[in-house]
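To start, the structure itself, in structure tokens.
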Amino acid sequence: MESIIARPRTRSSAKEKTQTMSAKKISANGNNIAVQAKSKRNTPLGVIKLARLHTLESLLCVYPAIWGACLSAGSHQKVFTPSSFLSVLFANWISMTIAHMAFCTFNDIVDRNFDGKVERTKVRPLPAGMISLRSAIIAFIVEMGLTVYISYATLGFDGALVCAPVWIASTIYPFMKRVVQWPQLVLGPIIGMAVFPGWVSVAGNLDTLRDAVPMFLATSAWVVYFDTIYATQDTNDDKKIGVKSLAVLFHNHMHQFLGFLGSIQIALLSFTARKANMSALFWSLGVCVWGLNIPFHLLSLDTKNPKTGGKVFLMNILLGLWITIVCVIELWTTTVMHLDVNDFLLKTVVHNITLTAQNIRSSVAF
């Protein structure tokens with residue numbers, strides 16, 4: 001009897017030992033994961049990467065602000081000293097860069113669970129364990145505080161006031177990817193609104209802000225355009241995990257959709273340039289170059305090859321840089337040097353034609 005009763009106890013003890021060993025293994029594995037996460041931790045680098053300071057992405061927010069300043073100067077026939085000119089450029093650059101840092105950090109905080117499931121984004125600081133969630137939240141709070149302070153200090157009250165809708169909308173954007181098919185249509189106006197602080201930084205008030213609306217719409221269309229291209233890199237992963245985007249929605253009609261957006265950009269940019277009295281320099285090196293880039297982007301994008309999406313996205317960053325350089329040159333020549341660019345270009349062309357004709361005549365006579 002004793003032996004029969006003892007057997008179940010032995011089996012029970014064996015089960016308890018097995019369960020105990022399993023629990024220890026799970027605990028050990030959990031500790032190993034925690035140790036591995038801590039070993040990867042590099043909070044300063046994590047803050048930098050969350051803020052995208054290691055990339056050129058912040059320029060995408062700076063560009064519209066500089067464009068707005070340039071167009072505002074043309075509309076208001078402003079005159080700048082070299083120092084005031086540089087002050088306007090610096091104010092727009094620093095305020096937009098800090099804001100971009102804050103909201104990229106916020107975006108990664110919200111997306112941390114999704115990012116770990118996508119091949120391209122699983123190496124981002126939070127899913128990779130480079131920075132803790134607590135540290136990321138602290139970084140966002142500090143960056144947001146700097147955003148408000150620096151915008152007010154450099155752009156003034158009116159400038160900070162027109163930035164406020166951008167800040168509010170930026171906190172909504174990460175959640176839109178879970179709800180609708182078109183988060184790019186939210187991101188477009190958010191970045192496009194950077195035109196308004198640039199405009200106000202030159203105008204000095206909100207009285208003529210409505211004149212900046214066409215450029216705001218052109219920029220918004222451009223942002224939707226390049227962000228849809230960017231999203232083509234993740235179309236397959238996005239479909240698997242349920243993330244929605246225009247790249248998923250228009251996957252089979254991508255080139256037609258992008259061509260439509262490109263046409264809107266050029267039409268609105270041309271309208272804005274005409275209203276703001278832009279010179280032949282802006283028309284030839286700005287509007288025309290932008291227009292020529294659209295078909296080149298479409299030819300370079302292959303939706304079956306995700307890597308081309310990243311390359312065409314980079315092309316758009318460089319295109320934005322080119323347009324910004326043209327705007328700065330336009331702003332400098334017309335508002336600081338007080339040069340009539342159209343007259344200067346006309347005289348230059350006539351002078352070169354005359355020299356060419358003289359050289360041809362001399363060659364024939366010889």
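Note: Cβ is positioned from N, Cα and C throughout, glycine not excepted.
Here is what Swiss-Prot says about this protein:
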REGION    1-22  region 'Disordered'
TRANSMEM  53-73  transmembrane segment
TRANSMEM  85-105  transmembrane segment
TRANSMEM  137-157  transmembrane segment
TRANSMEM  160-180  transmembrane segment
TRANSMEM  185-205  transmembrane segment
TRANSMEM  212-232  transmembrane segment
TRANSMEM  253-273  transmembrane segment
CARBOHYD  Asn277  N-linked glycosylation site
TRANSMEM  281-301  transmembrane segment
TRANSMEM  312-332  transmembrane segment
CARBOHYD  Asn352  N-linked glycosylation site
By a Cβ-Cβ criterion of under 8 Å, what residues six or more beyond either terminus of the transmembrane segment (212-232) are in contact with it? 60, 64, 67-68, 71-72, 184-185, 187-196, 199, 238, 245-248, 250, 254, 257-258, 261-262, 264-265, 268-269, 271-272, 275, 297, 301, 303, 306, 308-310, 312-313, 316, 320
Ranking 53-73, 160-180, 185-205, 312-332 by Cβ pairs under 8 Å to the transmembrane segment (85-105), which is first? 53-73
May I ask for the residues of the chain that lie six or more residues beyond the transmembrane segment (185-205) and have a Cβ under 8 Å from a Cβ within it? 60-73, 75-76, 78, 88, 91-92, 95-96, 151, 155-156, 158-159, 162-163, 165-166, 169-170, 172-173, 176, 211-212, 215-217, 219-224, 227, 246
Just counting, how many other CB atoms are there within 10 A of the CB of Asn277 (N-linked glycosylation site)? 15
Sequence-distant contacts of the transmembrane segment (53-73), meaning Cβ under 8 Å and at least 6 residues beyond its ends, amount to 80, 88-89, 92-93, 95-97, 99-101, 104, 191-203, 208, 212, 215-216, 219, 223, 226, 272-273, 276, 278, 317, 320-321, 323-324, 327-328, 330-331, 334-335
Translate the DSSP assignment of Asn277 (N-linked glycosylation site) into the three-state scheme. coil
Please indicate, using numbers and ranges, the residues of the same chain that are 6 or more beyond the transmembrane segment (160-180) and have a C-beta under 8 Å from a C-beta there. 95, 99, 102-103, 106-107, 110-111, 144, 147-148, 151-152, 186-187, 189-190, 193-194, 196-197, 200, 206, 209, 242-245
